[in-house]
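Some features that TrEMBL has for this protein:
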DOMAIN    814-884  domain 'DYW'
REPEAT    89-123  repeat 'PPR'
REPEAT    253-287  repeat 'PPR'
REPEAT    354-388  repeat 'PPR'
REPEAT    424-454  repeat 'PPR'
REPEAT    455-489  repeat 'PPR'
REPEAT    588-622  repeat 'PPR'
REPEAT    725-759  repeat 'PPR'
Amino acid sequence: MVATPWPPPPPPPPAAASHMAVTQAFADALRSCGARGALSGARALHGRLVAVGLASAVFLQNTLLHAYLSCGALPDARRLLQADIAHPNVITHNVMLNGYAKLGCLSDAVELFDRMPARDVASWNTLMSGYFQSRQQLAALETFVSMHRSGDSSPNAFTFSCAMKSCGAIGWHGLALQLLGMVQKFDSQDDSEVATSLVDMFVRCGDVDLAARLFVRVENPTIFCRNSMLVGYAKTYGVDCALELFDSMPERDVVSWNMMVSALSQSGRVREALDMAVEMYSKGVRLDSTTYTSSLTACARLPSLGWGKQLHAQVIRNLPRIDSYVASALVELYAKGSCFKEAKGVFNSLRDRNNVAWTVLISGFLQHGCFTESVELFNQMRAELMTLDQFALATLISGCCSRMDLCLGRQLHSLCLRSGQIQAVVVSNSLISMYAKCGNLQSAESIFRVMSERDIVSWTSMITAYSQAGNIMKAREFFDGMSTKNVITWNAMLGAYIQHGAEEDGLNMYSTMLSEKDVRPDWVTYVTLFKGCADLGANKLGDQIIGDTVKVGLILDTSVANAVITMYSKCGRILEARKVFDFLNAKDIVSWNAMITGYSQHGMGKQAIEIFDDMLKRGAKPDYISYVAVLSGCSHSGLVQEGKSYFDMMKKVHNISPGLEHFSCMVDLLGRAGHLTEAKDLIDKMPMKPTAEVWGALLSACKIHGNNELAELAAKQLFELDSPDSGSYMLMAKIYADAGKSDDSAQVRKLMRDKGIKKNPGYSWMEVDNKVHVFKADDVSHPQVIAIRNKLNELMEKIAALGYVRTESPRSEIHHSEKLAVAFGLMSLPDWMPIHIMKNLRICNDCHTVIKLISSVTGREFVIRDAVRFHHFKGGSCSCGDYW
């Protein structure tokens, strides 16, 4: 180390001066040398100490030792300790211990600590601090435990603070609770440093509730303490809660501002994040690299590059040097905006291109479909760096996953094996996802089995892979094999059950999830659960889960509210769905689509159109799904002119090309209204090949309007498509039968048998006493089957008095599943309660007539959701107006 200029040592003090004054003068001069890094001055003072006979004074020896170590002169300090200090005390060893730790010689510090004849609390604190500063948090905690067990020193505020910082860095919640107990035992919780460390530790360990309770007890929290709570509130309670604390802070530093800019950006509130950065600048707070990085990341999510370019100009003006983090954010900004020339310009201007910048640029090309360019960049990166980066590899493997490019994926797998990067968890996880997406589950599981280290993502990837393949048992096997599960893992398993029709198992799993003390359901959990309730038609359970969302404060989350709207709609409670929709302030496109779809499913086409028009007035831009929903509403309500108008508007106004779903809706709309020739002409003009859904819509319309010739044409197209659905075959067979063509009807049924197509069994189900009861035609498995049939026969006699004549039909039609469910509902539910029934197939004409009449003779309301739409039966009529 180069010494700073230092004046000659002071002249000898007068004889009259006291020994204490001389000692103090030398000590002050040595401290000054240490503070200024003046090694030559320290050595000169060392010589004067020898000359005046004070070199053996332990106090001055310790001060000199500290001066040498402060100057970085480790050899001088070692010589002094080994040769000149004959009787070192605890302070001497602590000074040397602290010097070793600060100069990075931790092994020397440990060796000295082990041979110290005596230690005090400062000795233990110094070693703990050395471990913590070198990021060896586990060793720091082990030292704390050893100190506690030795009993030779009692911990002080610094001891607890260091232990809690180490615990927070590791995230051990159990140990954090033990440390809190020890702090209370030693009555140290009122110390401001300890209180701040406690708050920070529990925030880092994820227990923000406890951190918040401790925070309110701190009399005068420091900025650091408040900043810790900002992070905790933003992650756990949401950015609005963090904003409340931020606004109440008596003073803020640049860290406080940066935390809020970052929190707003990460939560998707990019405009507010940028406004916060502007306010920060206007209040005289100097924007630093972290501010610009977060702000540029926010700009990358905006549709326009205007903000980003202004920030880029500020970066050039205000930062003396663009570091790798800011540069990577700039590359991401331009890459996400498809400005690859600018992205490459920033990238090429970097003197030191780090792995982050390379990965961001590769990822940018991948996100915009430029797969070839991303591969070229990856090869260029390999040529320049000569080493492979695990994140760049993982990014490119993810690109293979999205393109289903198994060939290149295998080549990258081979490269990972040769380079040793296969050991990186992020790389192995990407390979697992790639193989799983490409349908090669055996390779995915092989990679998983040989991983030396697995994280939550590894396990979740395997659960998701087998879930998507429909193998729920295998997915559950991996789930049960996990030692530690987080909310993401639970959500993956819940989603697996509900996605594959095992809603009851998924909803039961939620109860188990609630019993896990370290797992807290999030918005994904509740969105998944509401989907399960919607599929089952589980009204009561859905209401209970809504209560849970209120308790945890997630009912106002837009995604959760959207799921509630969909659940209420699918459970036949369209009025409740509308109430939630009206209550929701922050409506997104999913909110609008959910409400339009709900009205459409209930045959309330005019209301669907009102919501759609209101969405346009409020400036929300409809998407592909919006038009499917509104066209479906027009179809179910016979609003032909309105449907045609929206179909034309779709392309002309919003530049959305009609897809198969839109054509299917239009064919259904025209066909139901009797415009069969126009529907057929529309099919002929389709830019893509018509699917089974399109031809099926035409076939159903032909059945309604008795056009057997066109029905035969539609059926022929359906049969050529080899659709596995039995509905079109059964419909054509019935058309022939009704027309008296029994031979043709028999031929269609024979064709079904030859192709191995079986008629889909009809099921109906309903919720009673928190249990789902399932019925099928002529079912005898229900424990109350005799009473149900007796009730149904009684009802049939009552409606016969109104003129109903039972058709000559198979017994299965007499005991169709929805008729059995209606009888059971009347037996089991109170008179004031509407009876909600779900059905997997379209309701037949006879059942529709029977239920209308039953609603008249019983005065009860029935809400039935079939495969097409909702039917609200009341007072002898149906909401569909017999138009379904």
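Cβ coordinates are placed from backbone N, Cα and C, and glycine is handled just like the others.
Note that TrEMBL annotation is computational and uncurated.
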Tally of DSSP helical, extended and coil residues in the repeat 'PPR' (89-123): 26 helix, 0 strand, 9 coil
Tally of residues which DSSP labels helix, strand or coil - the repeat 'PPR' (455-489): 26 helix, 0 strand, 9 coil
Tally of DSSP helical, extended and coil residues in the repeat 'PPR' (725-759): 25 helix, 0 strand, 10 coil
Composition by DSSP (helix, strand, coil) of residues within the repeat 'PPR' (588-622): 26 helix, 0 strand, 9 coil
The repeat 'PPR' (424-454), counted residue by residue under DSSP: helix, strand, coil: 23 helix, 0 strand, 8 coil
